[in-house]
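Structure record follows, encoded as structure tokens.
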């Protein structure tokens, strides 16, 4: 709708004028009287004017405006043809046919450039302007159509026919349409803030559909083509429907516009208020004589900091560019704050600061030995790096990944490495990180943008070559925000990280001097490209002796001090410490052991606080009083195994375990039942073992008819604990043979290895942990695959002295070792070297001993004593 700027006038706001190009405008619409009033008073005059309209009229082309009946409008006439048309009209009845131009840019419109339907107007006033233009005031009289043009020069003239206005009968449908149009008009007026009682009275006072349509169309903002369509519609109801459609569209536009203006006004009001307050503050400072030169001081301070930073030339070029931008900004603008923060980051980064490496190899070894017990491989790798660094100062830093179970000291090892090298230490926890921007940073276009964690760590360290530990790298996630592991590819690539670009800085930063250390529990979850960039060093679990030594040197003194005690107040016997480790913790690391020692110290601290005098000596008997009943009970070592029983070895995240496998036979039809919550791989190992036995039944002393006459049941105790992996293959085979031929398996021997259908024994993992478990159980012999002899280097020599290791290629070599009464010589012990070369011949001899003169019937299930309840083992993955 048009704007109503006064309560007494209904105004038309149609924009530029009717005639020629620039400078041609409508007169101020305030000169136009209320159309409703004019129509009421001059209705008879207009009727007379309509009757006196001649058949031939001068034509006045107008731009960007359509005139409707009863509409009063001032026009400025500038084109010579138009001026002559007006003068001709004044000489003969003061009538003109006003037609809209099809194209506003047309300077000399001809008959084909104007619409054929226009409005006959009566010239009410004329005024000649000093610049040769003419101003006229016209009022619409009647619609008319051009029949034919009678002349083109010196102005357009045409024969016309007027279009009569029908008066429809006002019924319920017409009344509903009238109300709808009025309501839509009121909404538009209200949204534009122009509603007034007088204007609403004008709308309510017009009951004729055609006249109401013309009145509203004359005061509505719409395109010329839409207005022309309304003008050319002869039926009043159809015309009113078109107006109603335009009003609905205008309501939608006005609603959105009002919302936008409200939002903009609120923001403008706040900005004006802030500006006003700042100006007042400046005036107050000026009155106080406090000159505002803080901005210049800040720029000089930033420039000095950038000079001191020692950044590369290309980075300094970008910094100077941003500094010039900042100088041209208002100090309190939001953009200035962004640029200022960016320059602060550039100035505070260690572009040239390097920590001097401590290249004393002996001193570094001493520090590593003080902080960590064992971990010889990792210590050797760090010392190798120091040696290379000493010989070649320009060498790049290694990217190591420490992989192992929780609590074995992966993260603390990074701190020890930094201390040994004399470098600063930073740790980044990557567990649960899903956003790539955490690594690369956010772009400065975002509100609250910051650099990534890598750049932040370098700023905190203050040097360009710290030791940065990327903790829990295997627990990185990925979602719609990106993949942080992909962002780490550049960070951890020595060929690329010398030009690492953070999204926030948007300039290269050299990371090649940084020593990155990653930690992980499981390598399988690390993406292959990322794992390929790291040198993986596996940290095995601690042995009993290592745990006891660490507890004596580090954990116990630490907990005594934390709980307000002194070392002289607490004495923990070796046997008591071993009991705590064996019966209250079951882990590869030390966290639970640390908690149990802390619990002991707290209880002793309470005794001291209650007045009891120390020192307090903790013996084996005192452990249960302080910590309660043991949480883990070691399985009793069997003096004799019943037929069908064999001892295997399993690897768990908490270390190695001795696994008992039981097999029994019963009358049936050759079925095989497997229980003990076994995984698919372990079930397949049992099937392979059974197939191997069936293929060599007679050689193994087993009656071949067992396939059709007996059922076999294999069970692995601790049924609540899931078990899987291929390394129980030889154990399952041995238990099945024992159950089928009735021979007992030696109770002091355990075994591990994958079995094939040909009887070959394949290598498995976790050899160190498995041998440690066998030693802890007190077993004397262990059978391993021959290809695992290389892993014996990781087993402490003192442990190899307590158990004999028997490497085997084929299951035939295992037979003379496992059954009671057979020779157990030819193993590996001491330093872990292979036994005499006669191992194979002995195995062959043993094989002859095992083969019976005739195959034995499957042994009847033996009656055995009731075993003690076995504790559940942690999840055993026999394959490793």
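Here the Cβ of each residue, glycine as well, is placed from N, Cα and C on the backbone.
Note that this is a predicted model, so its numbers are computed, not measured.
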Segment assigned the feature region 'Disordered' in Swiss-Prot (from 1-37, 38-74): 1-37
Between residue 410 (ATP binding site) and residue 770 (active site), the C-alpha gap once rounded to whole angstrom: 22
Integer mean pLDDT for the domain 'Lon proteolytic' (640-821): 89
Separation of alpha carbons, residue 727 (active site) and residue 405 (ATP binding site) (Å): 20
For residue 727 (active site): DSSP state (helix, strand, coil): coil
Distance, residue 770 (active site) to residue 409 (ATP binding site) (CA atoms, angstrom): 21
Any further residue of that chain within 8 Å (Cβ to the Cβ centroid of 404, 405, 406, 407, 408, 409, 410, 411) of the recorded ATP site: 402, 519, 521, 539, 588, 589
Nearest-integer angstrom distance between the alpha carbons (Cα) of residue 407 (ATP binding site) and residue 770 (active site): 19
